[in-house]
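This report refers to the structure that appears directly beneath it.
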């Protein structure tokens, strides 16, 4: 169902299941699943070739059913036959998909004819003795034949075979057969469900052919397997089934038909997996998943046929054939295919749960229930078949995801990843759960809006504020000043109007991309908000009011200090830690805006406070060096519990001082700054409320002030040293005197 749904949701190109998964889950996950799916096809081809050769030796070997001693038997003889069959597959695939299509049609006719003969034999033949092959060393010594019963259609035989009766596998060193072994072998017969999808590049209408072709093939296969299972269980004893894997030859009215059907079916499946795997490998190479390592695959194409991919696939099949054991290959094959089916179900489930508007498959018999059932079913059966193989394949898939995320050139491909849709869905859900009315001071954290004129001169400040956010909201705000109409309407004829429309676009559209690139370059976790206004003050008001979403709104606004210092270009200066040649001079001009007047600057500060936001003014951050070597030379983070706008009327217990202490604690939690100690400057002349100020004993007042401050730091769980500032009273008086003189002169 998931394959049908995803194949009818838009255009499907070459690569089949890999293409569908990668365009849904993204290049990393899609590339890893595609790689494992390619190897699954390789292993499946080797499995089918091994099964074909096993049938050859059982029928034409020294102890063969049909014609004994026609071919030699043994491990390396079998490997030789497998090699010859693999070469035959290679030659057919090199000719192209048209030759493959003609071959499979011929094979389909043969297999259907053999199936018809077999069904007729079950209904026609009566009870008889079927010989146990001499290859079963557990029951025969190679000279005296041993027989088992074929009962014909009987209800008692069906009843006896109704429950499991596991025995030893005489072809695998007498290993005990289990449910996982049986399922692994049986499931390998239906892994061709993806064969049609793998040929999506050769189909005229993949969106129509894949669903109906896949479902009809699955339905036909199910009916055939069900009919075979019922007829075999009702006619053959368990003893016969356990000790003669070619019992159909002794039952059929034309024994040769069994050999023909067996050999053609397994050969066709091997051929299908080779050509399907080569198309997956070609798609991986075209998508540049592994970079230049697979460039020879894309260059090795002749008339649309990926010759190099076919050759590589055949060579890998040859290596898998060295495993030898049919059942071991079958289990590995089943686990790898189940993993690809799991990814397909996961992709469809994610699309359905994310509620992506563009996920509108025309296949109507799909829902998230079918995807979930398929996902859980494949995961459970992987563990049932082989927990070791399943765990290793999942681990390998995750390692490939990490590898491709770090090193694959295709990770920047614009395919559209389902992760973005899922993240959007979850973020929206939890944003709605956030309620600003339920905020509590215990869980307060800074939600910062940093207003930046030119980021070229503010890189150290942007980087430092990133340490200050403590998992909270961090927004970089910028005001683009444009007087008059923000976006002018085009004038003139239609052609000129079109040109004007392209020229007159909102400046924030193009600038946002540059700002996002800057965020990536500085490696800060920040959002970007840009606006256009007649002046900086109006634009700042827009940003303060509208930045954020829902309960995630800035509670702290940070402004740079208004001074006349010459700005430093940190993006173009080679000695700067923020140097990047990708940002040319026309991107983020240093003098991008008209200068803000002192009056407008003060008005902006007042606007922030009237909006009930915390206000921080930052100065001299261009001198901050954040590298480890510079930090090691420092010992303290100094906190001045002073309101510098009115230093004589503030103390360490007012809101401003407590806010500075909170920010200092947050900075001290950052690993780079954690080795530094907090040092609170004790300004004994500024206490105005709540301190015991004794005129005749100023020293006693200082001690009392220190004790209260120490007690407050203890209650707030802030580890800090206290450092008195000498002659603070004189500094305050001098400040007041200078303010009075300035006022008098004015």
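Using the three backbone atoms N, Cα and C, a Cβ is placed for every residue, glycine included.
Annotation source TrEMBL lists domain 'Amino acid permease/ SLC12A' at 2-449. According to TrEMBL, the feature transmembrane segment maps to 29-56, 76-97, 104-124, 176-197, 218-241, 253-276, 307-329, 335-356, 363-382, 388-407. What TrEMBL lists as domain 'SLC12A transporter C-terminal' is 461-562.
When Cβ distances are compared across the two stretches, the transmembrane segment (218-241) makes contact with the transmembrane segment (176-197), since 3 or more pairs at least 6 residues apart fall below 8 angstroms.
In this chain, the transmembrane segment (388-407) does not touch the transmembrane segment (176-197); fewer than three CB pairs sit within less than 8 A of each other, excluding pairs fewer than 6 residues apart. Long-range contacts of the transmembrane segment (363-382) within its own chain (CB-CB distance under 8 A, at least 6 residues past either end) are made by residues 1-2, 4-5, 7-8, 183, 187, 211, 334-335, 338-339, 341-342, 344-346, 348-349, 352-353, 389-390, 393-394. Note: the stretches the transmembrane segment (76-97) and the transmembrane segment (388-407) are not in contact (fewer than 3 CB pairs below 8 A, sequence gap of 6 or more). Most Cβ pairs under 8 Å to the transmembrane segment (388-407), among the stretches 29-56, 104-124, 335-356, belong to 29-56. The average pLDDT computed over the domain 'SLC12A transporter C-terminal' (461-562) stands at 83. Between the transmembrane segment (335-356) and the transmembrane segment (29-56), the number of CB pairs under 8 angstroms, six or more residues apart, is three or more, so the stretches are in contact. Taking Cβ pairs closer than 8 Å, the transmembrane segment (253-276) reaches residues 16, 41-42, 44-46, 48-49, 51-52, 55-56, 59, 65-66, 85-86, 88-90, 92-93, 97, 100, 103-104, 107-108, 110-111, 113-115, 117-118, 120-121, 124-125, 192, 194-195, 198-199, 246, 310, 313-314, 317 in its own chain, all 6 or more past its ends.
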